[in-house]
Amino acid sequence: MAPRKNAKGGGGNSSSSSSGSPTGCTSGGSSSPGARRETKQGGLKNGRKGGLSGSSFFTWFMVIALLGVWTSVAVVWFDLVDYEEVLAKAKDFRYNLSEVLQGKLGIYDADGDGDFDVDDAKVLLGLKEKPAPKPTVPPEEADMYPWLEDQVLESPGRQNIEDEVYEQVQSLDETVYSEPGENLPQEPEGPAEELQPDDHVFVGSDADDRYEPMGTGAVHEETEDSYHIEETASPAYSQDMEDMMYEQENPDSSEPVVVDDAERTYQETDDVTYRDYDEQDHAVDNSNTILEEPHMPPAEEQQEVPPETNKKADEPGKKGKVKKKKPKLLNKFDKTIKAELDAAEKLRKRGKIEEAVNAFEELVRKYPQSPGARYGKAQCEDDLAEKRRSNEILRRAIETYQEAASLPDAPTDLVKLSLKRRSDRQQFLGHMRGSLLTLQKLVQLFPDDTALKNDLGVGYLLIGDNDSAKKVYEEVLSVTPNDGFAKVHYGFILKAQNKIAESIPYLKEGIESGDPGTDDGRFYFHLGDAMQRVGNKEAYRWYELGHQRGHFASVWQRSLYNVQGLKAQPWWTPKETGYTELVKSLERNWKLIRDEGLAAMDRTHGLFLPEDENLREKGDWSQFTLWQQGRKNENACKGAPKTCSLLDKFPETTGCRRGQIKYSIMHPGTHVWPHTGPTNCRLRMHLGLVIPKEGCKIRCANETRTWEEGKVLIFDDSFEHEVWQDAASFRLIFIVDVWHPELTPHQRRSLPAI
């Protein structure tokens with residue numbers, strides 16, 4: 001017992017024994033279990049007195065952590081916090097810390113100076129007499145819609161015209177409407193005064209205000225000489241296109257047709273494209289990209305664009321950057337009902353469109369003179385039209401936008417946004433003339449807004465009034481000579497007027513500017529074409545740049561109305577097309593077809609009409625058309641009844657809505673400029689009828705061939721092709737367009753006509 005006692009005690013013997021004696025060490029070792037038990041008991045005892053052990057603390061920590069996790073899950077699951085609203089407010093309210101603090105402490109503003117400071121503290125503590133309050137006007141930027149803050153760029157010089165605008169809007173013709181758009185591939189954007197609404201723009205259909213019934217009149221060899229509406233389907237709807245077909249509403253034209261008429265017709269192919277919901281439903285997913293590129297131009301034609309050109313072209317939009325300012329969309333009355341407006345808008349932003357429509361309709365009923373309520377209603381109807389793909393609802397939205405702009409005391413920015421959006425939606429429905437009237441009124445209200453004038457020029461082009469458009473762009477360039485958008489459009493008009501050399505600098509400088517709306521395949525197309533015609537070898541540099549920027553499938557294949565993934569090669573064999581029966585029938589009956597063509601040439605009432613698309617450098621070239629855009633010309637077929645009867649058996653050609661069937665006669669001394677057709681959706685057959693022994697040839701891409709009587713040549717006219725007729729007598733061929741063999745039956749039914 002002594003060793004244990006010594007070990008427990010504090011004497012020196014214990015110390016020496018444990019350190020120096022082996023016995024002590026053994027003794028100490030034998031006594032350790034008891035010591036450990038006592039220590040353990042002592043530890044438990046101390047733990048009860050002193051608090052939780054380490055393991056108990058960790059257990060409670062984990063319980064609390066898990067409780068927090070499950071609480072967070074419950075908050076998200078039961079939607080206790082509206083995170084979308086939080087994020088929206090975080091984005092919209094860009095106030096710095098001092099502004100936030102002033103907002104919080106503003107209620108303690110005792111001296112009426114608009115903020116909380118030392119003087120306010122003195123007043124509250126009774127150290128200073130509180131002054132009489134002065135009437136103050138709350139800052140407009142604190143009272144505007146948070147959901148519309150980023151929609152507007154202030155126009156220079158337009159800050160003091162709100163009162164003036166109402167009087168002018170009241171005098172507007174009630175038949176004019178408009179609305180704001182986002183990126184109409186691209187809505188032509190302007191400089192600082194351009195408003196920037198946050199609403200998306202729908203894909204639209206090519207709709208012109210004119211439609212000429214097909215007779216025996218001139219039929220145009222389709223080229224890219226006209227400014228078309230692109231047939232690209234909206235990404236949001238691309239999956240629906242294959243399954244849905246609706247009738248198109250097109251009040252300004254009897255059928256959706258892409259018209260190739262450089263002299264008269266402009267149709268937009270920007271990312272801003274036009275097609276109403278009914279037409280959009282049976283569109284297909286088109287693209288300007290075709291996968292195969294079998295041919296490239298010669299080495300000398302593949303030189304890259306000069307570095308300075310590449311640099312400018314690769315940085316579009318930087319030049320035109322302007323500082324955005326917050327819009328002034330609430331008048332004094334709307335500020336008093338801002339909470340109600342925000343609550344309704346919250347429903348719209350959360351995708352509860354039907355509820356939002358009802359909420360805004362109730363606000364319009366309660367406050368009929370509120371521009372904000374009316375504008376919100378128009379936006380909801382706009383969204384609902386997109387959701388339901390309804391032209392009828394969209395027409396209601398168009399009317400409501402006009403109502404919002406026409407209300408008393410409507411803020412200037414709201415007027416501009418409402419009318420711009422209405423104009424865009426009118427174009428979407430094909431109401432080109434109504435949209436033009438709206439744009440005219442916008443320019444009348446905002447004469448210093450260059451972007452609106454540029455839009456007005458496009459409006460004139462869309463109805464074929466190139467002369468008026470030219471005047472608009474001349475006015476723009478006189479004020480802003482470096483406006484790239486105005487330059488490319490002015491250059492386009494000059495080229496359409498056959499002022500080839502004069503058009504080149506405008507097209508070139510406009511593209512190089514990098515301004516919004518200038519990076520467009522049509523402008524690369526026309527610039528290269530103009531350069532080719534004046535012998536400028538830089539043409540292929542611009543074609544190459546257009547290809548690099550995704551506008552052309554290749555340097556050779558420069559069509560703009562394309563379906564992605566179709567086999568692409570310049571020359572085809574009958575077996576490759578799958579239309580061997582048609583080819584055999586044409587070749588077996590070539591003399592019958594020839595004789596009816598020759599008989600038509602002898603008639604005096606003009607069945608053959610001159611080509612009028614400015615494709616000829618020189619010479620005489622005429623055509624006699626039997627089918628166009630998949631429609632039979634009954635009057636023309638009276639002049640070639642057997643030929644028409646023969647072709648009725650082959651729907652791949654008679655039903656080709658993107659092609660023609662026609663006789664073509666070319667007289668000696670004719671040269672047709674290099675050109676391309678508008679689409680990759682067709683192939684073109686040439687049946688030789690009367691072919692001189694030498695002097696007639698056709699080049700497609702980099703291969704040149706000649707015709708033979710009674711034989712069919714097949715090529716893809718979306719590739720560059722060129723024709724020479726240097727024989728001593730006329731050349732007569734029969735042209736038969738067929739659908740590209742890889743198009744599906746649905747695509748053949750639904751693709752808009754060209």
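Cβ from N, Cα, C; glycine included.
According to Swiss-Prot, the protein has these features:
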- 261-284: compositional bias 'Basic and acidic residues' (COMPBIAS)
- 309-318: compositional bias 'Basic and acidic residues' (COMPBIAS)
- Asn96: N-linked glycosylation site (CARBOHYD)
- Asn466: N-linked glycosylation site (CARBOHYD)
- Asn702: N-linked glycosylation site (CARBOHYD)
- 1-48: region 'Disordered' (REGION)
- 176-197: region 'Disordered' (REGION)
- 247-326: region 'Disordered' (REGION)
- 337-370: repeat 'TPR 1' (REPEAT)
- 378-411: repeat 'TPR 2' (REPEAT)
- 450-483: repeat 'TPR 3' (REPEAT)
- 485-517: repeat 'TPR 4' (REPEAT)
- 521-553: repeat 'TPR 5' (REPEAT)
- 1-56: topological domain 'Cytoplasmic' (TOPO_DOM)
- 78-754: topological domain 'Lumenal' (TOPO_DOM)
Query = 10 Å Cβ neighbour count around Asn702 (N-linked glycosylation site)?
reply = 14
Message = Rounded to a whole angstrom, what is the C-alpha distance between Asn466 (N-linked glycosylation site) and Asn702 (N-linked glycosylation site)?
response = 35
Task = For the repeat 'TPR 4' (485-517), give the DSSP counts of helix residues, strand residues and coil residues.
result = 26 helix, 0 strand, 7 coil
Task = Would you mind giving the whole-number mean pLDDT across the repeat 'TPR 2' (378-411)?
result = 96
Remark   = Within 10 A of the CB of Asn466 (N-linked glycosylation site), the number of other CB atoms across every chain shown is 22
Note = DSSP tally for the repeat 'TPR 2' (378-411), helix/strand/coil in that order, comes to 27 helix, 0 strand, 7 coil
Message = DSSP on the repeat 'TPR 1' (337-370): how many residues come out helix, how many strand, how many coil?
response = 26 helix, 0 strand, 8 coil
Inquiry  = Just to be sure I understand, if DSSP states are collapsed into helix, strand and coil, how many residues of the repeat 'TPR 3' (450-483) fall in each?
reply    = 27 helix, 0 strand, 7 coil
Query = What does DSSP give as the helix, strand and coil breakdown of the repeat 'TPR 5' (521-553)?
reply = 23 helix, 0 strand, 10 coil
